[in-house]
Amino acid sequence: MTELDEAPAAHGGTVVTGPWAAEPMVEAGPVVGEVLPAAGPVAARPAVPLRLDDPLRLPVWMTDRAVARARARRAGLVAGRLAVRSTWRTPAAVARGSWQLGRWWWMWVRAEDLAVELRDPAGRLGKEIFVVREHRKARWIISGGVFGGSSLAEALGAVMVGDWLPVLSVAVGAGAAGLAGRRRAPGGVLAVGGMEPDPRADLAPEHLNAAFRAAGLLKPGTTLVLCAPIVRDRHGRGWETVLDLPRGAGKTAAHAIAKLDVLAAELGVDEIQLILSRVRAHEGGHGRRLSLWVADDDPYLGTPIRSQLIDLDRFDFWKPVPFGRDARGNRIDVLLLWQSAFFGGLPRRGKTFSMRLLVAAAVLDPWCQLWLADGKGGADFRAVAGVAHRYVSGADPDDLTAFEAMLDELISEMSRRFALLASLPASVCPQGKLTPEIMRRYRLPLIPLVIDELQEYFEAVEDEKDRQRIIGKLARIARRGPAAGIMPVYASQRPDAKSVPTKLREIVTYRYCTQVTDKTSSDMVLGDGKARAGADASILSESEHHKGVGVLVTGPASFVVVKADLLENPDFEAVCQRGRELRLAEGTLTGEACGDLASAAASVRFVIPTVIADVLEAFGRRSRMWTEDLLSALVNIDEDTYGEWDGTRLASELEDAGVVRSMKQVKIDGENRAGWLLRDLEGAIPPEALAARPVDGAPSTRAASEPPATPLGSTPAP
Ligand SMILES: Nc1ncnc2c1ncn2[C@@H]1O[C@H](COP(=O)(O)OP(=O)(O)OP(=O)(O)O)[C@@H](O)[C@H]1O
């Protein structure tokens, strides 16, 4: 196993190469400003001026097996259909052609063309009738001459050459009549064998012109401007080109992207097979320039790619996380540093699995402190319990309290970090932001805050005011957290306004949406107007192959459709086990992952006083509690012992057990009341018992002579 040290260098919150970037054309150089021929029955490719020093280029079907196969298949189909259909179509075509030729001859011999020219505005011929008659006479003579001459020639030919000559003449005549009587497709394009041309076999400029015209993007008589020849892409999986919409029609690249569904239908492919993206100014583009790629097949077919994270010993979360691949097979990595993310989509479409790739990367970095809440409390995240600093599973009333306590604690941590960063000298902290050096020196690990099935928490809250308060906290963390190394990743199953509060979504920088039912739901996750701009998760199908495929929006104008790598539950468990070992070795295992304090104390033969043990149990995952709540929780634990206790009795018992109370009033939700802090209670546990927990950075195997590590969260003076 290796560390992913060849991962691209960190760069401010971007996703590496996506199909929106015009790729260099490898097969041929760009031919700027070449005008596509008008739509029509033109089968030939656009004439690219040849120069003597141009390399010899073979037709694509000779160099590309996929195209050769597609062509052969199509030729076979066309020939087969032609053979079957011609049995009844040929006589009909010959009859139609004979009738048309006969009619044409009759019009000609009647000199109708001349008569039309010579008629006065009232439609009379007047004296010109004599000219017309002269012509009629001459044309009858010519017809008679041709007919008589050819009959004589046929008769002589039959005698001198053979009887087959007249038969051949009749066959040629019938063939000509048959050709004249062929059926034509509407618009004048010939439908060979009754089949439409298949752009997958050979995408030609006229296909593009016709599709753009049908989508209302081209005015009659105008054509697209080809900036690069239409070539096979480097993997031979589709056709690609760069083109401009013509000036003067008022149509932009954005208009074309909004018509992606119509264009795909006109090109005879599924929307998922057509990748249209703007070519921006820094790539040499402008408002009318588009990069276009038409895949031969659904680009997401095939077995899912196993996540690289499974085989990594450790990962550096300051680097982009290997996430998946786009339609064209380019790797997509996601740098979560300084960012926040939102995952949405219908159930069972791979939302949690995709999000878990980021979690796995965090788990593999011992300098990441994971705070995680799973609203459903399913099996997907159970393995993080051994690594996570805070882990809330489920959305029952107790879990909801723990969930909010976790948010409060994190907000306090965020404020502490900002205060600390502000106090550091500019030489240590030049940008006022966390750096890997500051992280290690001041024990400020990166904190991914991961919340799956967010809708469960919103639904568990009955009062709208409480819901808004939670949204406010989540939004506050998303807005300010990233600069302090706190990166929220939220996921919700239901793409509606209640489950995906707009206020929250708009702050989050990355948004990922797996399949949804319609454009409105897609916009609900990805942002208003995104579907119109091409980022539309409703084009994903229910196919097994589209599980884990989602639209990843990385900025106001950038998105990519990604097939996420696969990381299944057993692999995730192995990753979590590795993450725990890494933290134990590095002395960074903290919080709930350290386990139950009472059992840790028991392992060093120390018995925690019952009152402290019970109070700790009553605290659960909270960091502070009001006395009245604590007393009722104690009554729940043991009514016989605590039924008669009041605040004074509790204070004196805890004092006797060694608890030193640092403050009598504690603030919860902005309200100060008599209460207790978790850290005061933990302060009463003797050092040996605390040392039995790896919480303070002591690897379980640390030698007695080694100095103790500084606890995470306790910061040395700058
Ligand atoms: N990248 C992937 N490639 C292939 N299959 C995947 C991928 N991601 C997920 N799946 C499959 O899809 C199933 C559902 O995934 P997941 O649990 O992430 O869905 P979800 O959208 O989070 O659903 P829910 O909201 O019900 O939890 C998984 O059990 C897995 O088999």
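Every residue, even glycine, has its Cβ placed from backbone N, Cα and C.
Just so you know, TrEMBL annotations are computer predictions that nobody has curated.
Listed in TrEMBL for this protein:
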- Gly345, Leu346, Pro347, Arg348, Arg349, Gly350, Lys351, Thr352: ATP binding site (BINDING)
- 318-523: domain 'FtsK' (DOMAIN)
- 689-718: region 'Disordered' (REGION)
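Taking the features listed in TrEMBL, we show where each one sits on the structure.
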residue	record	Cβ within 10 Å
Gly345	ATP binding site	28
Leu346	ATP binding site	19
Pro347	ATP binding site	10
Arg348	ATP binding site	12
Arg349	ATP binding site	23
Gly350	ATP binding site	23
Lys351	ATP binding site	26
Thr352	ATP binding site	22
Select, from Leu346, Pro347, Gly350, each of the binding-site residues with a Cβ positioned under 6 A from at least one atom of ligand 1; if none does, say none. Pro347, Gly350
When DSSP states are folded down to helix, strand and coil, where does Thr352 (ATP binding site) land? helix
Beyond the site residues Gly345, Leu346, Pro347, Arg348, Arg349, Gly350, Lys351, Thr352: chain residues whose C-beta lies within 8 Å of the centroid, for ATP: Gln493, Thr514, Gln515, Lys547
